[in-house]
Amino acid sequence: MLLIDIASTSLNVGGTSSRLAKVARIAEPLRAAAPDPELVAIVVAWLSGELRQRQIGVGWATLRSPPAAAGSPALTVTGTDAAFSEIGAVSGKGSAARRRELITRLFAASTETEQAFLVRLLSGELRQGALAGIMVDAVARAAEVPATAVQRAAMLGGDLPTVAAACLAAGSSGAAGALDSFTLRVGRPIGPMLAQSAGSITDALERHGGATIFEAKLDGARVQIHRTGDEVTVYTRSLDDVTARLPEVVQATLALPVSDLVADGEAIALQPDGRPHRFQVTASRFGRSVNVAAAQAKQPLSVFFSDILHRDGRDLLDAPTTDRLAALDAVVPARHRVDRLTTADAAAATDFLRATLAAGHEGVMAKSPTAPYLAGRRGAGWLKVKPVHTLDLVVLAVEWGSGRRRGKLSNIPLGARDAATGEFVMLGKTFKSMTDAMLDWQTARFTELAVGGTDGYVVALRPEQVVEVAFDGVQASSRYPGGLALRFARVVRYRDDKGPADADTIDTVRALY
């Protein structure tokens, strides 16, 4: 299978807003790839906007100026995937130059359509509307099995490309059996359950219909912990094995009175007074090049267990939250458990939220006592409640959209005002929470503000439009000149009542950090 086949499919998928059409268009290359499990896994990953290698060390600076495109397509899917692996394996002195050389070679062999696809894939900007649910439906359609069976297998297998490869390789007669082979297995990570957002404590209580389990929401790193006998493995939220980097988590798990275990938890760096360090301090312990012994001595991590999915031969995924927490409390000491309160009283829950925030944490999780653990899914059984920060920032440029946003000026780079120079300092970009009406309005508005026309993918703007942006926090970032970036930024509204001189300053942002 050629790379152009997948690049063209991506274009076709992005060109329709119909869910059924997206599913049908993705199913076609999956059927064609079915005899080759490796090829299926690559196609599923790519059309989901992901690399199988996850990260290969290629950023925007490398992708910004690709070489002249090839005249005709010749690259294969497996050959391109192998090139990604080669690029990702480069390390040591001169590695940046070597990666640029390899990526330039790959792009020189790509047509314009293929180059556009590769840029979006490598930059994480492949927004064609093929979200996980659509990909599950496409795999189910290609394999002629129920989507619920694919979803369940992906939940337990922890990886949709692997599940799709096994399912499609088995053929129509063996696909169902292949899916049934994916069960909870200690040592094999599964997708973590995710939370929906609630607007307030009262909202969470109303949605859960009464008594709710409130837990402190720590601003650490999600970990999934597996133990079989004396062997412990630790995985990140994205299912990367980080066991060797987190000896504290391993030691705490080995101290538990269990033989085998699968648990959900949080690793976090705490200050001497028990308050959390900034998230970046915790995140620094997860780097691939970290000297673990030195890092542990400088900044040890603490681990807090919040859920248990398997214990000593008993699977607990389908058990209600109360049963899972009882199993957790029976083996995990209080010092390693997340603080929690079960109540139907809004005042008591609000006091718990305030105390949690005062302790330096993000907010609270509200969990339904009867909810099962929906691995890999964002269920209403878990709700997150946390304060929302907003800033008034200036739109510095805008990018043309894809998928349902095709033909609209969409993704906006955001800048805070530097009071000393009058310039604007970029803090990231977003298209989150933009309605269709907002996209229509800003396409017209930004066309008026465009500097040098609107033909390019990125359209430069006069820095005049102020936008109110909500975000979850500020983090350190080497990607932007100011050294800071907003976490999970989304648009609230455009502020036509404000000019660029009214925008928040970079000093205000630094104070939030």
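Cβ coordinates are placed from backbone N, Cα and C, and glycine is handled just like the others.
Here is what Swiss-Prot records for this protein:
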type: ACT_SITE; residues: Lys217; note: active site, N6-AMP-lysine intermediate
type: BINDING; residues: Glu215, Arg222, Arg237, Glu266, Arg378, Lys384; note: ATP binding site
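Taking the features listed in Swiss-Prot, we show where each one sits on the structure.
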| residue | record | Cβ contacts under 8 Å, 6 or more apart |
| --- | --- | --- |
| Glu215 | ATP binding site | Ser306, Val338, Asp339, Arg340, Val364, Met365, Lys367 |
| Lys217 | active site, N6-AMP-lysine intermediate | Thr356, His361, Glu362, Gly363, Val364, Met365, Lys384, Val385, Lys386 |
| Arg222 | ATP binding site | Pro192, Thr236, Arg237, Asp264, Gly265, Glu266 |
| Arg378 | ATP binding site | Met193, Leu194, Ala195, Gln196 |
Least buried by Cβ count (within 10 Å) of the binding-site residues Arg237, Glu266, Lys384: Arg237
